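These come from TrEMBL:
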- 18-41: transmembrane segment (TRANSMEM)
- HIS164, ASP199, ASP262: Zn(2+) 2 binding site (BINDING)
- ASP166: active site (ACT_SITE)
- ASP199, GLU234, HIS547: Zn(2+) 1 binding site (BINDING)
- GLU233: active site, proton acceptor (ACT_SITE)
- 328-439: domain 'Peptidase M20 dimerisation' (DOMAIN)
Amino acid sequence: MIGLPLDENFRSNKRKSIIIGSVVFVALLVTLFSTNLFNYLKIVTTPIPKESSLCPLYEPIAPESYYKDNSTVLEILHDKKYKKESIKRLAGAIQVDTQVFDKQPAVDDAPQVWAKFAKFHDYLEQTFPLVYKNLKVTKVNTYGLVYHWKGSDKSLKPVLLTAHQDTVPVQKDTLKDWTYPPFEGHYDGEYIYGRGAADCKNVLIAILETLELLLAKGYQPKRSILAAFGFDEEASGYHGAAHIGKYLEETFGQDSVYALIDEGAGLTVQELTNTIVALPGTAEKGYVDIQVELTTPGGHSSIPPDHTSIGIISELGYIIEKDPYSPLLPPENPILNFAQCLALHDPKNNIPSSFKKAILRAGYDKFANSKLVEGISKNRLTKYLIRTSQALDIINGGEKANALPEHVKLLVNHRVAIGTSVAEVQEHFVSRVVEVAKRHGLSVSAFGKDVLKVKNDSGLFNVTNFAGFLNAAPVTPTNDTVWEYLSGVTRHVYEDLVFPEIKYPVITAPAIMTGNTDTRHYWNLTRNIFRFTPAFIGDFIGETHIHSVDEKLPFDSHLQLQAWFYEYIQAIDSAKANNK
């Protein structure tokens, strides 16, 4: 059969349709690949696994003793008499003033400055008689304390529990603002008040209370137990933990410790998931205080220059604050793994599916990473987990109203983000100083080198490190047996004992704090450093007023801390807890 001839208009229309279709297809491809549509498409097509090696959920781990007789841990948490005695012990520690200040002299050079710690030592010895009778107690650099409970199995590395004896100072002009005197240790029925209540005499006393209880019960550890308490952590630990770290390394050797538990974040309700999450710090940001001094000619203030040294250094401060550091979230920052843990363990499905998928891709997808960074950066309390902070903390200058200031100083504190370095921060800081110096005809010296020489200059900027500096800490592994036991014991204590009515697993997610600890002096002892105060506080900063007026601690959290130490020490007391 012979077909009918096609109409020419039909042929023409068909060609036009093909051309138009091709153009539309190409336009769609161009739009897809030249905008974020393709990036969003990759995110929405990402599957959400039920289980993932990114954040395994470990089973609860209880010590064998728990199944034989759990009366002691229940006594810690629920016995009214025990609680009353524990309140008295922590209050007594708060009542001993152990404030420290920046740049205090060495112990041997100024013994009177440090003598207050002798009184604190006397208090501890009176309060924990079994500890002092049965454990080896060593004083390092006069006031550092090391307790050694020797285990029966030499093949097991000792566990190291740390805290610090000192506190930050109480500013005298704030004394009137305290509800109760800062060194009274007042308990109001819910909170115990005072300097050191939450940072961190609570941890120190909880460790010793736990050891005292274990001794009273006749416990004999297989794994040795070490406790170490520095006395100037709030001033970077150069007199306390630095000497203790050296002593422990000389006594036990490098990489000789099973795990180190120091103060840090605890358990809290995570806003994203509305669930309780444990947050051990597995890394720390770096630290550097940079001081800039400006020297200019003096004179009578009735004939001032256009800009005095105070005005110029204020301009520098304005430029610094106007130009904050950009956020970054590299794979080595534990905050990435923290976010992935929340995405994978969201029993109430609070996190939008698309955001979960972006989080899971953020380790290898730049666009997804940027979406996560954007989310973290919206919150003032979390944004500095992924960026270098800069705080103008101290400024000095001027002596008299009618005399031009000849010498002014500005100190800027930096907490250096993971993924960058102190050297980069120093270089960036100097570039700002040079910018201001050029505008005012000033020379610049930075870290012992001439950076800008101006002929017939009007003065000199001198940039220095105020004290020592610190790059970001090594990251603690979170994929081994040591981490499994930390997570498992936390699940046991909080699911079986503290919140038995809870309907979901309490996950343990790696995290970092925005502040620093003195664990820097223990890096050679172990790679398993956990900055972790395993107690539940809903809003740690807002509730405890740490470093501020009315520092206080919900006392139930102190009992939880003791319960955790009591179970953890016994749970890890075998080779099963060792890394395979």
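Yeah, the Cβs are placed from backbone N, Cα and C, and that goes for glycine too.
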According to DSSP, ASP262 (Zn(2+) 2 binding site) sits in strand
Enumerate same-chain residues with a sequence separation of six or more from ASP199 (Zn(2+) 2 binding site) and a Cβ-Cβ distance below 8 A; give 'none' if the list is empty. THR167, VAL168, GLU263, THR544, ILE546, HIS547, GLU551
Fill in the CA-CA distance, the residue listed as 'active site' to ASP262 (Zn(2+) 2 binding site), as an integer in Å. 14
Going by DSSP, is HIS164 (Zn(2+) 2 binding site) part of a helix, a strand, or coil? strand
Shell list (Zn(2+) 1; ref centroid = CB of ASP199, GLU234, HIS547; cutoff 8 A): THR167, VAL168, CYS200, ILE546
Once HIS164, ASP199, ASP262 are set aside, which residues in the chain still have Cβ within 8 Å of the Cβ centroid of the Zn(2+) 2 site? THR162, ALA163, CYS200, VAL203, LEU204, GLU233, GLU263, THR517, ASP518
Integer Cα-Cα distance in angstrom, GLU233 (active site, proton acceptor) to HIS164 (Zn(2+) 2 binding site): 6
Would you identify which of the recorded positions ASP166, GLU233, GLU234, ASP262 has the most other C-beta atoms lying within 10 angstroms of its C-beta? ASP166
I'd like to know which of the binding-site residues HIS164, HIS547 has the most other Cβ atoms within 10 Å of its Cβ. HIS164
On the domain 'Peptidase M20 dimerisation' (328-439), the mean of the pLDDT values is 95
List the Cα distance (Å, whole number) between HIS164 (Zn(2+) 2 binding site) and GLU234 (Zn(2+) 1 binding site). 9
